[in-house]
Amino acid sequence: MEFSTQTTASLHQLKTAALAVGVYADGVLSPAAELIDRASNGALQSVIKTEFRARLGATLVLRALPGVTAQRVVLVGLGKQAEYSTRAHASAEQAFANYCAGAQLAEGVSTLAALPIEHSTIRDRARAAAIAAGQATYYYDATVGKTERDARPKLKKITQIVDRAETAQAQLGLREGTAISNGMELTRTLGNLPGNICTPTYLGETARKLARNYKTLIKAEVLDRKQVEALGMGSFLSVARGSDEPLRFIVLRYNGKTATAKKAKDNGPIVLVGKGITFDAGGISLKPAATMDEMKYDMCGAASVMGTFRALAELAPALDVVGLIPACENLPSGKANKPGDVVTSMSGQTIEILNTDAEGRLVLCDALTYAERFKPSAVIDIATLTGACVVALGSVNSGLFSTDDTLAEALLAAGRQTQDTAWRMPLEDAYQDQLKSNFADIANIGSPGAGAVTAACFLSRFTKAYPWAHLDIAGTAWRGGKDKGATGRPVPLLMQYLLNQAN
Ligand code: BES
Ligand code: MN
Ligand code: ZN
């Protein structure tokens with residue numbers, strides 16, 4: 001997808017396959033719609049009262065309007081004017097991009113980002129437009145046949161019409177949105193790939209490929225079982241042992257600060273830790289068969305780290321980021337963990353495994369201990385960690401847990417800025433009691449209640465050395481049902497957070 005900005009007062013003379021103009025639900029035309037209405041002798045006014053109610057995200061296509069050069073004018077519903085927000089704007093851009101992609105158009109022109117919204121900048125709105133277009137044109141075809149492949153969207157370019165004074169800021173937003181989209185594309189495809197293809201080895205190779213493609217900015221190191229044993233990651237190893245598929249521990253390094261020689265303050269890097277369970281059958285605590293296929297998505301945390309690294313390399317902001325990915329399968333076998341087993345983590349703390357399906361925290365805890373060596377300024381782990389988080393927050397917000405208010409606020413703000421929102425959850429000491437074990441320093445599951453919180457409490461035992469936050473993306477990383485597929489979240493949140501840190 002390609003974007004450009006253009007400034008024009010003669011909208012009706014634009015040559016394009018589709019021109020998007022916004023209409024508010026109260027029957028109020030946006031300035032662009034007003035202009036087209038006048039040029040076409042009231043063609044818009046005549047439909048908005050009857051055929052088009054301008055519900056948010058609704059579209060109505062008008063073809064061959066007299067006095068208008070665009071082949072199609074796409075009326076995009078903006079909802080009520082008083083309720084128009086950054087989220088509404090993102091939905092409107094999404095509706096237009098979806099229309100263009102669905103109609104197999106090659107390009108379109110949008111006037112939506114130019115509409116002012118309180119507490120938002122043209123840069124934010126242009127970024128949202130680019131992300132929306134990237135989502136509309138995403139197409140998974142890695143494992144589908146030729147006929148399906150012909151349905152791939154043709155949309156290559158959307159031009160945004162903005163004020164001349166705002167052009168430079170809009171361009172910046174479009175560039176950021178494109179990089180975020182490209183990152184999301186990688187995240188979605190890794191998530192959608194089946195477990196028999198997207199193995200820990202495959203993730204390791206993807207990391208190496210990132211390093212090859214962005215030689216000066218990204219370095220990758222891929223550790224195997226022997227090296228992980230030498231590090232003493234007894235908890236991670238215990239999960240990996242249940243499968244014949246070899247484990248990988250991936251270390252990615254993005255060096256933007258050194259590359260741009262902008263060493264203002266010598267802060268430690270920001271470390272992103274992604275859960276990389278390429279298939280989670282539950283182990284001996286086997287999951288039920290229904291929808292078990294969705295457990296191929298249990299590496300979406302890892303995939304969001306990879307996607308964020310791709311976006312980082314494309315934008316090259318001045319900061320240093322480390323990515324850590326413990327990757328393995330969680331299967332039942334003669335070598336798998338058994339309920340009651342006690343393992344020793346890299347931190348030295350012993351863990352009683354009461355449920356082998358609570359494996360995410362078992363692989364993450366060793367990665368969190370490994371993170372200490374970077375003397376990080378912040379560590380953020382991203383994991384499809386608990387079904388309980390889906391119960392609590394559904395698919396709207398990712399669950400955010402943090403011991404550091406500044407870090408938590410920065411992540412929440414980045415989520416709001418990119419419509420990739422998170423909701424802060426509690427992480428009080430009172431919940432830690434639920435993790436008491438009679439036979440080890442800690443149990444890997446809590447007593448009933450607050451499952452997403454006790455999972456975060458477990459992780460917090462391994463994060464004392466740095467400011468830390470945990471994102472539970474079990475409800476947001478993919479959609480189930482007929483629209484089954486990875487969403488690319490929370491790449492926008494993570495990337496926006498990192499961009500905000502670099503500025
Ligand atoms: N990968 C799952 C979490 C999950 C479940 C994500 C459903 C998305 C949808 C995780 O490894 C898991 O199995 N968690 C258990 C923890 C429990 C045994 C304490 C869960 O949530 O049921
Ligand atoms: Mn599990
Ligand atoms: Zn899992």
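Count begins at 1; order follows the chain as displayed.
Just so it is clear, glycine is given a Cβ too, placed from its N, Cα and C backbone atoms.
Of the listed candidates (D280, D441, D472), TrEMBL assigns D280 to the same Mn(2+) 1 site as D357, E359. Together with K275, D280, E359, the Mn(2+) 2 site in TrEMBL holds one more listed residue from D244, D298, D320, D381, which is D298. When Cβ-Cβ distances below 8 Å are used as the criterion, the domain 'Cytosol aminopeptidase' (355-362) is approached by residues 235-236, 238-239, 242, 275, 277, 280, 282-287, 298, 330, 332, 336-339, 343, 383-386, 444-445, 455, 458-459 of the same chain, each at least six residues removed from its ends. Taking a Cβ distance under 6 Å to any atom of ligand 2 as the criterion, the recorded positions K275, D280, D298, E359, R361 reduce to D280, E359.
Every protein chain considered, the tally of other Cβ atoms within 10 Å of the Cβ of D280 (Mn(2+) 2 binding site) stands at 24.
In sequence order, D280, G282, G283, S285, L286, K287, N330 are the residues of the chain that are 6 or more apart from D357 (Mn(2+) 1 binding site) and have a CB within less than 8 Å of its CB. Checking the recorded positions K275, D280, K287, D298, D357 against ligand 1, the ones whose Cβ sits under 6 Å from it are D280, D298, D357.
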